[in-house]
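Shown next, in structure tokens, is the structure this report addresses.
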Amino acid sequence: MDIKKVMVIGAGQMGSGIAQVCAQAGYIVYLNDLKEEFVQKGLGVISKNLSRQVTKGRMTEEEKDKVLSNFIPSTNLQDSENVGIVIEAAVENMEVKSKIFKELDQYAPNHAILASNTSSLPITEIAAATKRPEKVIGMHFMNPVPVMKLVEIIRGLATSDEVYQAVEDMTKSLSKIPVEVNDFPGFVSNRVLMPMINEAIYTLYEGVATKEAIDEVMKLGMNHPMGPLTLADFIGLDTCLYIMETLHEGFGDDKYRPCPLLRKYVKAGWLGKKSGRGFYIYN
Ligand code: NAI
């Protein structure tokens, strides 16, 4: 499988990061979102990131221009007819993802791999929306994508060895480190991380300590680079809630019940850094 062109769906936090590392590795990238303005916003973020690299002397102006010339903006999933792999990074919602994969199945060439950057949703169920479940796989990047080394690669029930191998090879070509996991709710990363974040929100909700104190305890006491409430703001509180709901539904255990305070913040539109306010306020 010789992959040269990629489509990234969703130009938000994750999609723009994934698109950036693909373009930097020399892939032609169709960056897709619902509206042209969302695509342009994502491209703006990428351009700013690259400019920072130029300022730091890690990249020349010419190299930056070369990377930017690898992008093709897209608002039509039919553009997937040109690519060898699609990496979907739209919202964490099964209905939305199933609809996207069903449509991609119609347009993408038969040999194309359909990957999802889902944080927690079953790859096997996403694959069931297509007639090519053997070519559907999870490719779970970490946030912020240009910085974080890990990509969790999730095999659905039907994912073929050939597809797994191609995705592992591509991950390495992006200078990332692949780790193989099986398809269970939250995979490894979010099954371990998200209950900790949810518990931190419960400690705030129950008045055990202030948000600053909770973050400080986990930073200084556990040597975490950032506190769990700050991390939740970075991930996006809507995404955190979707993941907790997936764990709760998937395992049916009360220990995964999303904290009511998390639900309240999401209802208020306090989604974390991306909306300007979550547990903390951002400019
Ligand atoms: P985000 O809210 O920043 O971006 C989502 C983007 O998808 C938005 O630009 C939205 O307009 C677009 N979108 C929604 N529906 C679409 C559709 N039908 N077609 C095309 N574009 C569509 O969300 P974020 O944080 O980038 O998350 C995206 C995915 O990545 C989710 O599945 C999430 O669980 C996963 N993820 C998130 C991480 C995080 O730290 N935020 C880490 C790893 C995975």
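Positions of Cβ are set from backbone N, Cα and C atoms, glycine also.
Curation does not apply to TrEMBL; its annotations are automatic.
Under the heading domain '3-hydroxyacyl-CoA dehydrogenase NAD binding', TrEMBL lists 5-183.
With a cut-off of 8 Å between CB atoms and residues at least 6 apart in sequence, the same chain places N32, D33, E88, A89, A90, V91, N117 near G10 (NAD(+) binding site), listed in sequence order. Per TrEMBL, the feature NAD(+) binding site maps to G10, A11, G12, Q13, M14, G15, D33, E92, K97, S119, N143, K274.
Neighbour list (H140 (site 'Important for catalytic activity'), Cβ cut-off 8 Å, at least 6 residues apart, same chain): N117, T118, S119, V151, E152, I153, I154, F187, S189. Feature annotation from TrEMBL assigns site 'Important for catalytic activity' to H140.
Mean model confidence for the domain '3-hydroxyacyl-CoA dehydrogenase C-terminal' (186-282) is a pLDDT of 97. The domain '3-hydroxyacyl-CoA dehydrogenase C-terminal' annotation in TrEMBL covers 186-282.
For ligand 1, the neighbouring binding-site residues among G10, G12, K97, N143 are G10, G12, N143, by Cβ distance under 6 Å. In the structure shown, the C-beta of D33 has more C-beta neighbours within 10 angstroms than that of any other entry among the binding-site residues D33, N143.
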